[in-house]
Ligand code: AMP
Ligand code: MG
């Protein structure tokens, strides 16, 4: 276990130099205080969890203090936002403080979001509010607990600094961890500014540090792109299987490592709704729940375009062609497991689609239906869940098909079935209304609810005594909360 001053830095991205990032110091928040910290994320840095309670912790992650070995940098990138190209974005309100390596030899970027103005702030104030920092923190740690690749969050630091959004709010910072903060938009920036040498330097950096196995391939850059395609297909399959809606899948928010990244107006589905749009500012539904799948491919094509100086168009097209079949395979595999199936049949896809359509038409809670499907033997479970559906004849037909499928699947006890299904079907997810309750309490200075919710979400598959209220469908006020980009 390490104390805060024992972290070991190795700032590899900063060493790429000023063409890639700019040195900027964090702007401190007034009266920094710990809102919540993740013990699991602290363990990634070998940090003793007790240090979260010290004042120096809040000072370090509230922008007041800095390690001598840290090298805070704002990264430059660009990207396609809602389908249109924005020539220059960059870290407008976040800084890469440095890279720390742990005892296992893993490197982690320490990225402080809400750290003040940078050369890339454009019209913004460089700040993040408490509300959005709590949401990013909770989502990062909740997705991780569900087994979905994501950036992690070490802590949220609150403050008394006023920040103006639709109304006056308080500034906060979230400390984000990831093996890399390089986005598709980094490659696009050097492509569209016609800087092939720097783009190659960036690609070499990613290859050496993150995809060393691609070096062994005859065309390392192509192998790296293919790996990014594969990882994105798998990540998005997991989003779809667990009902996660990212909300702003712009290419500047897509990680070269295929992790969920840059949380804004995200949501987990309550009722199943393929057309759900979680981002209030997304008027066209470009990033609606079901559109995430084709948008994943669209984003990879934008990255492919940026790689045309290095890789032939035919090879890029071929690699892009891997996306949909891989996505389908991962998605179906996960959905089979969520339905408790251990074998594969061709008609399983249809079984899944029919169920989702029935859920959609009846407004059935996506998470709870699948959780309760494993509580009892299939026949009993479907009989109990039937009441949630409006189209009873439709559901009965599906239930017959499902029971027959389960009977063909294998010979196992209900004990085994429940255990297997509950291990992939969470009881607790980060519902918007739960986040909202925690945020309202935190805004009035009570951080106990954020901390409790965070704890519950770190073990989403385990029923936890006394936590029934976190496994409920939203009350009426919590069903259609409007979450905008303003954060
Ligand atoms: P996002 O929608 O959070 O992915 O942000 C898109 C771009 O806007 C990024 O370059 C951000 O750094 C920048 N940005 C977002 N909010 C702010 C803010 N409050 N101040 C400065 N830049 C911001
Ligand atoms: Mg972003």
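Placed from the backbone N, Cα and C atoms, the Cβ positions cover glycine too.
Residues or ranges marked as active site, proton acceptor in TrEMBL: 252. Under 8 Å, Cβ to Cβ, and six or more positions away along its own chain, residue 252 (active site, proton acceptor) finds 77, 78, 79, 80, 81, 86, 89, 183, 184, 185, 262.
What TrEMBL records for 90, 92, 93, 113, 125, 126, 176, 183, 262 is ATP binding site. In the three-state DSSP reading, residue 262 (ATP binding site) counts as coil.
Of all the Cβ atoms in the protein chains shown, 21 others lie within 10 Å of the Cβ of residue 253 (Mg(2+) binding site). DSSP assigns residue 253 (Mg(2+) binding site) to a helix in the three-state reduction. Look at TrEMBL and you will find 253, 262 tagged as Mg(2+) binding site.
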Candidate with sparsest Cβ neighbourhood (10 Å radius) among 125, 262, the listed binding-site residues: 125
Recorded ATP site residues 90, 92, 93, 113, 125, 126, 176, 183, 262, farthest C-alpha pair in Å: 22
Least Cβ-crowded entry, counting other Cβ within 10 Å, from the binding-site residues listed as 93, 176: 93
Other CB atoms within 10 A, centred on residue 90 (ATP binding site): 22
Distance from residue 253 (Mg(2+) binding site) back to residue 93 (ATP binding site), taken between C-alpha atoms, in Å: 14
Of the binding-site residues listed as 90, 125, 176, the one whose CA lies nearest the CA of residue 253 (Mg(2+) binding site): 90
Neighbourhood of ligand 2 - recorded positions from 90, 125, 252, 253 with Cβ under 6 Å: 252, 253
